[in-house]
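One structure is given below, encoded as structure tokens.
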Amino acid sequence: MTERRRHAIDLDDFTATEIEEILETAESMREVLSREIKQVPALRGKTVVNMFFEESTRTRISFELAARALSANVVAFTARGSSVEKGESLVDTVRTLQALGADIIVMRHSRSGAPYLVARHFRGALINAGDGRHAHPTQALLDLYTMRSHHGQIRDLNVVIVGDILHSRVVRSNLWGLTRLGARVTLCGPPTLIGPSAFWTATWPTVRIAYDLDPLLAEADVVMALRLQKERMQHGLLPALREYTRIYGLTPERLARLPAHAIVMHPGPMNEGIEIFPEVATSATAVIEEQVTNGVAVRMALLYRMAG
């Protein structure tokens, strides 16, 4: 495995072919999870350390289940109660874990770019479970897997991502995956929550920017709603919540305008009644719980690949 492929920091680390291979492997892992005994010995003898410096439910538990289903030894690391609280640096912590025999580190960190620092000091494989506003590659992979399972392929899909684009690491990783696999992507939201369009089109030239959701619905194959990340916002970026919901919220009325084959997605956690209404989140069009379920198989596939 090349140095670049030794770690999974974002989907720009992978070619379109490699992404497709991960999705194909996830199909096999999904079959494993359908068995009475949901376990294979693929990572027996390997140690996976989950380092989460930021709160998580879906991603953390999903990675734990994925590693255990592959028969790995799983260690849950939290900053609280560790030497990090005594001032130990991130690099020294990683070196300690390496000395203790960690083969794979799964890391979530609030600081964008932190995985790149860790990767320079870890001889094993590093998987980014989300870093600041930068990237969340496994969320993008499970989103791609879910889209493909419903539509057969990613190429030529019309994908609308609506909400807090500016602060979303999910958007950035999805853009790498979706554009590499040939989807047509539109980012939609208030100008203050998208930022300069040139920021996006300079890296992803085929991406469209829109500020009005309603005209996009009739031709959408996928609509992905994003929560408002108020914890990352500066004052003044967000209009009144009621006004935001009126213009950008996925309401039952907007759901009715989607094509019959369209699916509604959300990476979670949801703010119901703001970016998505409960009636939409629980509708037959929504595949939100399916995304969560698919996350285990997709993360199994990536762990298996990174284990070499």
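From the backbone N, Cα and C atoms, a Cβ is placed for every residue, glycine too.
Note that the structure is predicted; figures quoted are calculated from it, not measured.
Cross-referencing Arg30, Arg108, Arg111, Arg242 against the carbamoyl phosphate binding annotation in Swiss-Prot, which names Arg58, Thr59, His136, Gln139, Gly268, Pro269, picks out Arg108.
Looking only at other Cβ atoms within 10 Å, the busiest spot among the binding-site residues Arg108, His136, Arg169 turns out to be His136. Cα of Gly268 (carbamoyl phosphate binding site) to Cα of Arg227 (L-aspartate binding site): a distance of 7 Å.
Fewest Cβ neighbours within 10 Å among the binding-site residues Gly268, Pro269: this applies to Pro269. In this structure, the binding-site residues Arg58, Arg227 were compared by how many other Cβ atoms lie within 10 Å of their Cβ, and the smallest count belongs to Arg58.
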